[in-house]
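Participant: Would you mind keeping the following structure in view while I ask a few things?
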Amino acid sequence: MTMPESMLSESKLSGWAISPKLAQLASLAGHYADPEFSVAHGGHVRTIAAGHYTVSGLSRHVRLGEFVAHRSATGIHLGEVVRVEPDICYVCPIEPGEPIGIHDTVIRKGAFRVSPDESWCGRTINALGEPIDGQGPLASGIVRRSISNNAPPSMTRKRVETPFKTGVRAIDIFSPLCLGQRLGIFAGSGVGKSTLLSMLAKADAFDKVVIALVGERGREVREFIEDTMGDNMSKSVAVVATSDESPMLRKMAPLSAVTIAEHFRDQGDNVLLIIDSVTRFAHAIREVAVASGEPPVARGYPASVFTELPRLLERAGPGAEGTGTITAIVSILVDGDNHNDPIADSTRGILDGHIVLDRSLAEEGRYPPINPLASISRLAKKAWTPDQEKLVSRLKALVHRFEETRDLRLIGGYRPGTDPDLDMAVKQVPIIYETLKQLPDEPAAQDAYADLATALRGGAQNGQPQVNPRMRG
């Protein structure tokens, strides 16, 4: 059908007035063309309780994890289905203090989706994919992605084989990493997890950085984005759910973040995914599960927590051939410095390595307070050369000898010359410890082995023997 010439000329003259209407019509057409919105299944609110409400009439049409919506005078409000029974389903509202009443109409919305786009870099959004940085609306990408996607099939993934430098000497020497690896930073509160994460976020090996700040203090969010990330924010997307937000938003933030990271990975980018912290994600799941009536099974944690943790973390890693990688570095807050609490224990078994931060080292002023003996990278052999592996093994032996004889030396039981290995440990380990010190505002270490070699050679010139002259491998 051809537009009449008179109408065509009129549209050209007043295009500035017609274009917004056409854009609105196109948006509505795309919205209603989605089969999900062709038919709306609805129900009514039956009961309301703290943390959840129940809906009748939807049990046959919804699945666990799907979203529903209801309209109020203040807008449309979302909730997640967390339990389904024959007559009713339980819904946890996304927003705290959501206005809802008995007999309100609730509509099924299906899986929650986001539409990541390249233009999201440099932006800060909430768990729903909405901008919170005051820089205007977000552009929607072509592909709408469910935040509850499954991990890629294991046999379709590339192998993890390419090492990269983090710029943190203690990690690059003792626990080196590879692109596509999943690493956990384990520590108690106030030891320096977020500080170490900020140092790792500055690594040059990544095309994109996606950050999930879960349960963080509100005042720290802007400081982290503006001060810590700085210029690196231009290639980063921050997903934020602060501690005062609802457990549903704190649960959704890491899921939205990994979905955005998957988008960039599928575009061929090497992505760094930072989640701070996985423990608060687990706490949010626990709050939602307990509100739905799920019983706790391990120190107050319901079984669904241990189902959701691997589902989240397994989504990171390498993609299929021709795509990029997601390197996940996540923090785990250990309760009472107990590294065997259920979340820490479960997460340690899922990840490809763990960095342990020691409170006693932080109290001594050694930053980052990484315990090199307790920290492990399961892919270190792919990053070390044979000579580097021998060197690190020797360094760990010296550090272990130094630490296990600390009490003996304090009471005066050490006599130089009686144990050559202990003599070397006493002379060299303090130099090693001093070399590993690194403040967040210091430049990233370009060659950690060269820095260590220089320090040890300086010690040798002062009469101390070298550990190994072949430092670079």
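Residue positions begin at 1 at the first shown residue.
Heads up, the Cβ atoms here are built off N, Cα and C, so glycines get one too.
Small disclaimer: the values here were computed from a predicted structure and weren't measured.
Per Swiss-Prot, the features are:
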BINDING   ALA187, GLY188, SER189, GLY190, VAL191, GLY192, LYS193, SER194  ATP binding site
Participant: At a 10 Å cut-off from the C-beta of ALA187 (ATP binding site), count the other C-beta atoms across all protein chains.
Facilitator: 29
Participant: For GLY188 (ATP binding site), what is the secondary structure state per DSSP, taken as helix, strand or coil?
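Facilitator: In three-state terms, GLY188 (ATP binding site) counts as coil.
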Participant: Can you list, in sequence order, the residues of the same chain other than ALA187, GLY188, SER189, GLY190, VAL191, GLY192, LYS193, SER194 whose CB lies within 8 Å of the CB centroid of the ATP site?
Facilitator: LEU333, LEU357, ARG359, ALA362
